[in-house]
Amino acid sequence: MNFAEEEPSKKYCIKGKHVAIICGVVVAVGLIVGLSVGLTRSCEQDTTPAPSQPPPEASTALPPQDQNVCPDSEDESGEWKNFRLPDFINPVHYDLEVKALMEEDRYTGIVTISVNLSKPTRDLWLHIRETKITKLPELRRPSGEQVPIRRCFEYKKQEYVVIQAAEDLAATSGDSVYRLTMEFKGWLNGSLVGFYKTTYMEDGQIRSIAATDHEPTDARKSFPCFDEPNKKSTYSISIIHPKEYSALSNMPEEKSEMVDDNWKKTTFVKSVPMSTYLVCFAVHRFTAIERKSRSGKPLKVYVQPNQKETAEYAANITQAVFDYFEDYFAMEYALPKLDKIAIPDFGTGAMENWGLVTYRETNLLYDPLLSASSNQQRVASVVAHELVHQWFGNTVTMDWWDDLWLNEGFASFFEFLGVNHAEKDWQMLSQVLLEDVFPVQEDDSLMSSHPVVVTVSTPAEITSVFDGISYSKGASILRMLQDWITPEKFQKGCQIYLKKFQFANAKTSDFWDSLQEASNLPVKEVMDTWTSQMGYPVVTVSGRQNITQKRFLLDSKADPSQPPSELGYTWNIPVRWADNDNSRITVYNRLDKGGITLNANLSGDAFLKINPDHIGFYRVNYEGGTWDWIAEALSSNHTRFSAADRSSFIDDAFALARAQLLNYKIALNLTMYLKSEEDFLPWERVISSVSYIISMFEDDRELYPMIETYFQGQVKPVADLLGWQDTGSHITKLLRASILGFACKMGDREALGNASQLFDSWLKGSASIPVNLRLLVYRYGMQNSGNEAAWNYTLEQYQKTSLAQEKEKLLYGLASVKDVKLLARYLEMLKDPNIIKTQDVFTVIRYISYNSYGKTMAWNWIQLNWDYLVSRFTINDRYLGRIVTIAEPFNTELQLWQMQSFFAKYPNAGAGAKPREQVLETVKNNIEWLNVNRQSIREWFASLP
């Protein structure tokens with residue numbers, strides 16, 4: 001699975017000056033905002049432009065009514081009270097038939113599950129949620145004899161349906177199986193999980209598509225099943241659908257036949273063994289384009305007929321990366337075909353269903369005339385990510401969700417190798433620093449982080465671990481591991497692992513064993529210290545080559561021994577170091593409590609670079625004199641260090657300063673050379689690193705203008721060099737968008753003037769905006785010169801355009817307006833799926849929170865509408881759980897109190913338990929940070945000539 005893009009590709013965002021002064025009691029804040037939103041809606045609703053064409057209508061159909069065939073029960077007399085399924089009940093095959101009643105927003109189905117029993121029982125239980133059993137289940141012995149059913153009931157606490165037989169069920173042996181048959185029905189609307197329907201426009205007509213999304217625990221919403229990843233089975237799937245539709249599933253079509261004049265039945269080939277979360281089927285009226293892999297496998301991309309051209313790039317990148325992975329893993333793709341399909345409203349970024357990968361449109365469809373280079377890279381990365389899963393995740397699946405990183409960390413790591421193979425000039429092997437390593441090091445330096453391998457025991461806990469630790473930290477430690485044991489032995493170890501556990505389940509220890517076999521190195525001993533405890537170390541260098549380690553935490557007052565770890569927050573660190581152009585690795589044993597000395601041959605003032613290219617998942621702190629030397633070296637000739645090293649210096653220094661391990665004056669000195677910096681990697685990290693300071697001081701009327709003036713000067717030379725013409729290489733276009741966006745953010749008049757001029761020309765219809773400048777022009781043009789007419793025009797363009805990537809940019813532009821009445825109206829539009837798709841609700845809230853005028857409004861809107869959001873998305877929705885992190889920039893005691901009060905009012909956090917911990921910790925740290933650091937930072941900026 002790939003995350004939806006909750007945040008823009010750039011961490012920094014528009015934050016102008018606040019013009020409102022908060023006054024009055026705290027209680028009044030919520031009331032005022034609530035009233036302003038309501039009054040604005042009632043006064044302004046008539047000015048919202050009508051769609052240029054009738055939008056797809058949201059269904060008002062009700063879910064199927066419970067017929068009480070298997071009524072609810074709180075009976076806890078059996079093992080079904082446990083969260084995990086029992087080991088003695090194991091499915092081996094599903095015969096699944098589903099009928100999609102597209103016009104009625106519902107479906108019916110029948111499933112027969114072949115089950116092995118390793119011990120006698122009278123009770124069978126399996127997962128179900130929301131879907132209803134419509135007929136008493138039927139159970140047959142291996143002989144075919146029917147077993148009388150005493151009763152069935154739903155045990156909703158653990159999302160089970162329990163079937164109790166009237167007779168003993170003996171253990172099975174060999175190929176003998178029990179056959180459990182259940183008829184069921186479900187609702188096709190109401191959410192973006194399970195089997196659901198969404199709509200789109202085609203030539204002015206409303207069209208429908210229905211598809212599944214099952215990871216991690218939503219297959220049980222589509223059909224009754226043993227919904228755990230280690231309950232692998234084969235599947236024979238049939239879909240009955242209106243004759244004008246077609247059907248897809250994991251496997252190729254076996255046959256298609258008319259049931260009657262209106263209905264067609266499509267039957268698919270029996271599958272290989274796979275987990276329930278990978279089962280997929282779709283009912284559609286799309287068209288496909290096709291490529292063939294080098295091994296002869298058909299690779300198809302299904303899209304709306306009028307979007308066919310936008311699927312070409314995805315088809316091409318699929319072919320190139322697919323062939324690369326078949327070679328790299330030395331294992332042919334296991335299924336006869338691989339399809340991809342773009343779903344018009346899709347909750348996550350993409351889902352790796354075996355043989356039928358589903359995508360959000362922004363992550364699959366690319367128009368070279370309308371999409372930005374960043375969009376192209378996003379498509380390539382997500383396609384590669386999902387292709388990795390066809391091996392890591394699908395062929396070999398983690399045994400339980402505590403080892404989710406075996407799926408997601410691996411996909412996040414290998415996606416960069418795959419795209420690097422296909423797009424060799426994109427610097428993808430360095431961009432992993434920007435996308436994964438640096439961001440997750442910030443997350444993992446909080447006390448509220450969690451280990452890579454983490455115990456999960458509820459659906460909410462399972463969905464919550466689909467986070468940066470599983471994805472990005474997983475990728476980061478694999479990058480370090482590959483460097484330590486060498487890429488060749490790492491590749492061999494992956495091949496051993498895939499072959500040994502093909503069509504089966506594995507644990508983290510199994511992967512370590514495979515790599516040890518390939519490398520003859522103590523992989524488990526080293527790597528368990530990185531996966532079984534949270535956090536990471538800072539390596540402190542003294543005397544140029546003596547190093548010690550300790551846990552790195554952003555909160556300098558936190559107890560580094562908490563929560564308790566058997567390893568005591570010490571790590572076995574593969575320390576790469578370079579002297580005189582020679583690079584070596586020394587494994588720093590965690591038991592060396594006094595530190596170690598690197599065997600370097602240093603002469604004169606030679607510099608020993610620890611962690612070159614930030615290859616290891618740790619930070620490095622040098623002595624003050626060494627940091628001064630680095631700053632001087634950057635100013636005199638920054639190219640003596642690689643772009644990755646320059647990024648690493650900056651990221652480490654600002655993180656160390658934030659943790660009070662380094663004076664901010666030293667960190668800020670590293671930015672003095674930036675007038676000479678022309679590379680993408682360092683600038684991206686500078687912008688991200690200083691964004692924290694910018695965010696903390698945006699309301700400081702004395703200090704913020706100093707910050708603006710300084711960074712305007714630092715960015716201007718490269719901004720002038722790049723200009724406003726959309727030309728150059730892929731990397732140059734990414735750099736230009738970042739640099740000009742940062743110049744606008746820092747209030748550069750020339751940059752804002754150019755953005756406004758392009759925006760105004762676009763409003764007048766006299767000129768189009770260059771594709772790679774559109775996002776920043778929509779944002780800063782709207783901020784700088786946007787009014788109600790401009791906002792309405794932008795909304796009209798959002799409703800007219802069919803390209804999802806363009807829609808996303810326009811959503812950000814709408815969120816950048818200064819007019820709070822328009823922002824209030826925008827927030828209320830989130831309740832209308834005819835205007836804002838369900839998939840985009842949390843994206844828009846986040847965009848509004850990046851606007852200084854919308855930050856508090858967005859947070860208060862969430863509080864006022866929490867019951868509505870929970871009702872619409874459920875408390876276990878990971879995106880609802882994470883939306884509270886929009887409060888991370890808050891830095892006052894009042895704001896902290898408001899957050900604590902809100903969380904106390906709604907104590908059931910569901911999938912948001914960990915995000916709540918993280919945002920509270922962050923805001924507390926922000927308050928302390930301001931008290932400690934404002935003076936030294938002010939002195940540094942005030943001392944500038």
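The count begins at 1 with the first shown residue.
A Cβ is built for glycine as well, from the same backbone N, Cα and C atoms used for every other residue.
Not measured: the values here are computed from a predicted model.
According to Swiss-Prot, the protein carries these features:
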- Glu386: active site, proton acceptor (ACT_SITE)
- Glu215, Gly349, Ala350, Met351, Glu352, Asn353, Arg878: substrate binding site (BINDING)
- His385, His389, Glu408: Zn(2+) binding site (BINDING)
- 43-77: region 'Disordered' (REGION)
- Asp213: site 'Binds calcium which modulates its enzyme activity' (SITE)
- Tyr471: site 'Transition state stabilizer' (SITE)
- 1-18: topological domain 'Cytoplasmic' (TOPO_DOM)
- 40-945: topological domain 'Extracellular' (TOPO_DOM)
- 19-39: transmembrane segment (TRANSMEM)
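Each residue in the topological domain 'Cytoplasmic' (1-18) has a pLDDT score, and their mean in this model is 44.
Taking Cα separation as the measure, Glu386 (active site, proton acceptor) is nearest to Met351 of the recorded positions Asp213, Gly349, Met351, Glu408. Within the same chain, residues at least six positions away from His385 (Zn(2+) binding site) with a Cβ under 8 Å of its Cβ are Asn2, Ala350, Ala411, Ser412, Glu415. The two recorded residues Gly349 (substrate binding site) and Asp213 (site 'Binds calcium which modulates its enzyme activity') have their Cα atoms spaced 11 Å from each other. A sphere of 10 angstroms centred on the C-beta of Arg878 (substrate binding site) encloses 26 other C-beta atoms. Cβ proximity to the Zn(2+) site centre (mean Cβ of His385, His389, Glu408, cutoff 8 Å) flags the following additional same-chain residues: Met1, Asn2, Glu352, Glu386, Val388, Phe392, Gly393, Asn407, Phe410, Ala411, Ser412, Glu415, Tyr471.
Glu352 (substrate binding site) falls outside any helix or strand according to DSSP and counts as coil. Under the three-state DSSP scheme, Glu215 (substrate binding site) falls in the coil class.
Among the recorded positions listed here, namely Asp213, His389, Tyr471, Asp213 has its C-alpha nearest to that of Met351 (substrate binding site). Between the C-alpha atoms of His389 (Zn(2+) binding site) and Asp213 (site 'Binds calcium which modulates its enzyme activity'), the distance comes to 15 Å.
The separation of Glu408 (Zn(2+) binding site) from Tyr471 (site 'Transition state stabilizer'), Cα to Cα, is 5 Å.
Using a 10 Å Cα-Cα cut-off around Asp213 (site 'Binds calcium which modulates its enzyme activity'), the binding-site residues Asn353, Glu408, Arg878 reduce to Asn353.
Neighbour density at the Cβ, taken as the number of other Cβ atoms within 10 Å, is lowest among the recorded positions Glu215, Glu386, Glu408 for Glu215. Every protein chain considered, the tally of other Cβ atoms within 10 Å of the Cβ of Asn353 (substrate binding site) stands at 31. Between the CA atoms of Arg878 (substrate binding site) and Glu408 (Zn(2+) binding site) there is a gap of 16 Å, rounded to the nearest whole number.
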